[in-house]
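Asker: There's a structure below that I have some questions on.
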């Protein structure tokens, strides 16, 4: 928490960069926790669940949520490190390709007679190496992350498809494929939620309660200021890209076991679902703002919405339109309301702000 | 600075409120639409009790081939008074069908007719559906036999080979030199067909001489070049068979602009939309492919027979499929649609895929 002084002074004048403010310690604890963008997403998620339970048949059953969790687990997993990367103002588009590469790694090694546990470890190492390559090109060579990860998106996917071709490896030990699909008896909660919860806690502590996490926000707000105040900008980014790599590889292993099929085109396009959910969860694409509980709610919101609409026999195209519109709306609303606020400010009326200032 | 900091919270609230309203409206609208449009889904849950709510799951939506097959399925389901619907993913990725199958399990439809994107990835969700009493028929592209009740196979290798030999024989007067333009040299399906064609030629068409088999690798330009080379190296060539949709289209494109147009016959496996222009300008007299509408039609009737309990999917089971007549289930729960449909100037305009 020692770095907070560098964070509360925004680099840009008020009103010009609405996305770049950090938490307002001038207002009460209640307001800081409950009146936030993250809470808005969580409230929206609750509303969607309630409305869907009432109006969509078959929605309000445990099986809906057990399918939902099984289907969204890869997105939930990758969204964790992706949040950290986006808060630093960078982006990683290669995550889904890394999943494919990890899936193919597990597949080819199992096919070649290696024990599957060793194949898992190798796949995770491939994830670390792939992430490190991204990190190297971005921090050491100094290329923009968008360009680098578009390149590695193609590279990792190409390697994955090249290794296995159009064939699929489908023989995996039943023990492991059963674990990937297992549920805690009666509750319908999939077992795979356990590693997710562990990772979620680790990442939440890392981001919100360590000086490393403060550094992440500092980099997103202004990497120069962060560097001058002692944050290892390059090292932090490098570690974050390695984390997205290894978590993507883990998600790839899960994906392989869940569907019992290792293919080069596994998880194609998943990176966009991850990034969409992260942005919907209130993380600023410009960096410097975001929180993990909002992101998790964002992933679940997209998942619940899709699940409810599918149950309501809405076609997949319309579901895409609705999710897309929701995302655009959430981004546009921020800018639109900032503009509206500026207009109101010009006419005066600062009473409320004055009150909250004394309250802090 | 405080201005700057207090406001985002109100902004966030408003953003949330607007979003919540929009989503609620969408969901309520969707919910209303459902309750009025799917009464059948609430009907009998376990199989064998006349729940004819049958859903087609193509590899992906917006694919002309599946539009045609699902239309055939819809026609069949209307005939026996069931309820047809179609759901599917926007892209044909291996796992994309899983969430749709899960949804159908929850909705407790009577039957699922699916073309599998992956023989294994959708297996568990299909088995969960079957455990819930839903009858699963695969068509066009099968899963492992343990995941479905019946597979509707579009055509047998013998039927495909014979249909093409018969067409070329009738077009060149059962005598002369021919060549085959195949896909890649190790394409399993094509090689099996070519072996059967050779046997058929030797047995029933002694006056036709197969000069050469060339491989266009299912690449448009390569196939085009190989066609040109064939015509140069075999000046007396009278016909070409191309048992691949890429090859036949490329060969037709070459022939239509060359001096051999109308002199060298071309047939094989193609889709009507690819070949329409070449049928119209006389480059090609006829070609074949299974009829996807019949495939969907048969799959729907097979699912009905499973729902009725008339058949269980074991070898030797018999059922009738409306206008297509009666069918017998073969090995591994496979039902064969029959010989491919031949497309020519007279009938090509009835097909759109």
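Residue positions begin at 1 at the first shown residue.
In case you wondered, yes, glycine gets a Cβ from its N, Cα and C as well.
As annotated by TrEMBL, transmembrane segment applies to A:39-56, A:68-87, A:119-142, A:154-172, A:184-206, A:238-257, A:269-287, A:294-312, A:318-340.
So where do these features actually land, and what's packed around them?
Answerer: Within its own chain, the transmembrane segment (A:154-172) is flanked in space by residues 94, 96-98, 100-101, 103-105, 107-108, 110-111, 116, 130, 256-257, 260-266, 268, which lie at least six positions past its ends and keep a Cβ under 8 Å from the stretch.
The list of residues near the transmembrane segment (A:184-206) in space but at least 6 beyond its ends in sequence, with Cβ under 8 angstroms from a Cβ of it, reads 62-63, 65-66, 69-70, 73, 76-77, 80-81, 83-84, 212-213, 247, 250, 254, 258, 292-293, 296.
If one looks beyond the transmembrane segment (A:238-257) by at least 6 residues along the same chain, the residues whose Cβ comes under 8 Å of a Cβ in the stretch are 73-74, 77-78, 80-82, 84-85, 88, 90, 92, 94-96, 98-103, 106-107, 120, 123-124, 126-132, 134-136, 138-140, 145, 172, 176-177, 179-180, 192, 195, 199, 216, 266-267.
Residues 17, 19-20, 36-38, 40-41, 74-75, 78-79, 82-83, 86-97, 99, 153, 219-221, 294-299, 301-302, 323, 326-327, 330-331 of the same chain, all 6+ positions outside the transmembrane segment (A:269-287), place their C-beta atoms under 8 angstroms from a C-beta of that stretch.
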Asker: Can you tell me which of A:39-56, A:119-142, A:294-312, A:318-340 gets the most C-beta pairs within less than 8 Å of the transmembrane segment (A:68-87)?
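Answerer: Top-ranked stretch among A:39-56, A:119-142, A:294-312, A:318-340: A:294-312.
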Asker: Please indicate, using numbers and ranges, the residues of the same chain that are 6 or more beyond the transmembrane segment (A:294-312) and have a C-beta under 8 Å from a C-beta there.
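Answerer: For the transmembrane segment (A:294-312), the far contacts come to 36-38, 41-42, 44-45, 48-49, 52, 56-59, 64, 67-68, 71-72, 75-76, 79-80, 83, 200, 273, 276-283, 318-319, 322-323, 326.
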